[in-house]
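Colleague: Take this structure first; my questions come after.
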Ligand SMILES: Cc1ncc(COP(=O)(O)O)c(C=O)c1O
Ligand SMILES: Cc1ncc(COP(=O)(O)O)c(C=O)c1O
Ligand SMILES: [Mg+2]
Ligand SMILES: [Mg+2]
Ligand SMILES: [Mg+2]
Ligand SMILES: [Mg+2]
């Protein structure tokens, strides 16, 4: 029996993907071997890797200059790998701080050059996306986090920028239409909307690379991964396989425009309940609310534990807020069915009536 | 139907591990969620991580000073991460070059300090392990590759060293008894003897750390991973899970001493056939032969393709040699049953009779 899985990441995956992977774990495409037992340089796995890379380009409609890589180390590795590859010693990179993840990215960039934090919503506990900022024209790039997973904020549109845009899209990648070609580098740990923990997607414009003078260790130089078709060394085979299956699934759903419609409906249903239900209150300014991670609290915090227990009986899991923001966080990634949000909303309604 | 899987890595895994993982992919311990869908900071996954870490310590009988980590990036990431953490600017690290993997490790170390390659078997196409070398007493560490996966050589004993020993054990980890406590840092991509591609095991003595002055990016600093129980960021959940299951399996077999006996028998059977069969010839000096990867050639190279085709009909896969060494490479990792080597030897005998 499946639960209603609102985990923030690693998080729910499509059932079809899990069933297919479960079979491949015993016998991959009739090879007499598990997907875990085949060489990564064999034709069957190379095909998996190539399909995953090209599905990303297709679904996001990326221009030819982009190369798609599946690396290791999580989005956290990118916090340092990006400035190492793009930020020259003594030069400046601009960052907008919308929470823990951007802050961590800023911290790592300081090891390679100067950082200019041109806006931050820290003062108001990251409850909104900054609107006022001036992009320094001489900066090497501007880094944003399109969706803040912890505080539940989301950029509603891509900032206009004449300098290269770099984005951490870990928690809203492939969930909504965007002009991805406005970016120069997009990265995401795949464990939320794209696949299973263990692979990091990096889509980078080739024209951005090779401009810094520092010596970059082989494994951290994007150019080496590009040259080797994302197979510089043993890739995280299974995580890439799950990603490929999840991308196939998304394409079958109708791609990003189709999933976006469902994501809009799910978010509307939940936020509507948050707003109308007297027990609950959203923590983020309305116009910046994330459609992936809805954060809310109770006016009576002492009831929160009770509500979580109540939900557990309804097979609702993963709704406890991050320790930094408290309350609740309900994550509604691509694979979460609309029905799970209905069940969640029913639970909120019922609990509220019981308490009235 | 299972084939006889002699792949060099990723490679064969125990059937029990695959069956268990296949179930956990649909429902992990009755949670109503896949192992891929649970948060990594939940109690059930933390237990997996802790069990994997402590099984390594137990099976290798590591002293308390050792910390066991499961990182990302493969053994290749360690080529740079080790000197970054252990080699001070301007200081020297000693390396012994036994093939491609040591050479790559040496190349990355040069980015952080000086390297002193105190011995190399390159001149003889890496067909042996160097015996004559002097360890420079002022070097920060001595790095060896205990088993060369490509050329099929293996250190038969640990060199006596008064400076810290660092070893890449990617292709013979957990396959034989060694005094692991003679080492200060041991690392291995887990995709051969320990698990599935996507995790790298690092066992490091805490006393080795914190001695270099350079600023280390957070994700590359071993101390941060230690402090966070190998969960600094989202770990490669599934690869760690497979590793934990494989370690449990090894313990059930009787641990390293028990598997070593079987590995010895497998290697003896195969090398005996190589030596006695007139068609085949080993490429490595006898005393340095690897029990994990047996490399051999045919006196009539034009027959090699034919033999590989013949083997394929017998459901024998993965025996083609690495492009750098040619001929055949038969990998006999822990999970490979003795019966598979018997089938291999039968094929060699039969082919030889047919050609006589
Ligand atoms: C927006 C964002 N960036 C970065 C990370 C860190 O990702 P990883 O754990 O893959 O390093 C997360 C993790 O949840 C995230 O939500
Ligand atoms: C001895 C040895 N070291 C390092 C590596 C590289 O490992 P990875 O692909 O995990 O980076 C290999 C890969 O086969 C190996 O056999
Ligand atoms: Mg952020
Ligand atoms: Mg309300
Ligand atoms: Mg080597
Ligand atoms: Mg012979």
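Just so it is clear, glycine is given a Cβ too, placed from its N, Cα and C backbone atoms.
From TrEMBL, here are the annotated features:
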BINDING   A:41  L-glutamate binding site
BINDING   A:75, A:76, A:101, A:149, A:168, A:191, A:233, A:234  pyridoxal 5'-phosphate binding site
DOMAIN    A:4-342  domain 'Aminotransferase class V'
MOD_RES   A:192  N6-(pyridoxal phosphate)lysine
Colleague: Could you work out which of the binding-site residues (A:191, A:233, A:234) has its C-beta surrounded by the smallest number of other C-beta atoms within 10 A?
Modeller: A:233
Colleague: Among the recorded positions A:41, A:101, A:149, A:192, say which ones reach under 8 Å of chain B by Cβ distance, listed as they appear in sequence.
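Modeller: Going by the Cβ criterion (under 8 Å to chain B), the recorded positions yield none at all.
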Colleague: Can you check which residues sit near residue A:149 (pyridoxal 5'-phosphate binding site), meaning Cβ under 8 Å from its Cβ, same chain, 6 or more apart in sequence, and list them in order?
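Modeller: The answer is A:8, A:9, A:101, A:170, A:171, A:192, A:292, A:293, A:322, A:331.
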Colleague: Restricting to the record's pyridoxal 5'-phosphate-binding residues (A:75, A:76, A:101, A:149, A:168, A:191, A:233, A:234), give me the longest CA-CA distance in Å as a whole number.
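Modeller: Between the outermost Cα atoms of A:75, A:76, A:101, A:149, A:168, A:191, A:233, A:234, the distance is 31 Å.
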Colleague: Among the recorded positions A:41, A:101, A:192, name every one whose Cβ is found under 6 angstroms from ligand 3, counting any of its atoms.
Modeller: A:101
Colleague: Please report how many Å separate the Cα atom of residue A:168 (pyridoxal 5'-phosphate binding site) from that of residue A:41 (L-glutamate binding site), as a whole number.
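Modeller: About 30 Å separates the two Cα atoms.
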Colleague: Other than its own, how many Cβ atoms are within 10 Å of the Cβ belonging to residue A:76 (pyridoxal 5'-phosphate binding site)?
Modeller: 22
Colleague: Measuring Cα to Cα, how far is residue A:234 (pyridoxal 5'-phosphate binding site) from the residue listed as 'L-glutamate binding site' in Å?
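Modeller: Residue A:234 (pyridoxal 5'-phosphate binding site) and the residue listed as 'L-glutamate binding site' have their Cα atoms 9 Å apart.
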Colleague: Indicate the candidate from A:41, A:75, A:101, A:168 with the smallest number of other Cβ atoms within 10 Å of its Cβ, considering only these binding-site residues.
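Modeller: Checked A:41, A:75, A:101, A:168; of these binding-site residues, fewest Cβ neighbours within 10 Å: A:41.
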Colleague: Round to the nearest Å and give the CA-to-CA distance linking residue A:76 (pyridoxal 5'-phosphate binding site) with residue A:41 (L-glutamate binding site).
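Modeller: Residue A:76 (pyridoxal 5'-phosphate binding site) and residue A:41 (L-glutamate binding site) have their Cα atoms 27 Å apart.
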Colleague: Looking at the binding-site residues listed here (A:75, A:191, A:233), whose Cα lies nearest to that of the residue listed as 'L-glutamate binding site'?
Modeller: A:233
Colleague: Near ligand 1, which of the binding-site residues show up if the criterion is a Cβ under 6 Å from one of its atoms? Options: A:75, A:76, A:101, A:149, A:168, A:233.
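Modeller: Listed by sequence, the hits are A:75, A:76, A:101, A:149, A:168.
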Colleague: Identify which of the following binding-site residues, namely A:101, A:233, A:234, place a Cβ less than 6 Å away from any atom of ligand 2, and list them by sequence position.
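Modeller: The ones that qualify, in sequence order, are A:233, A:234.
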Colleague: Give, as a single whole number between 0 and 100, the mean pLDDT over the domain 'Aminotransferase class V' (A:4-342).
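Modeller: Across the domain 'Aminotransferase class V' (A:4-342), the average pLDDT comes out at 98.
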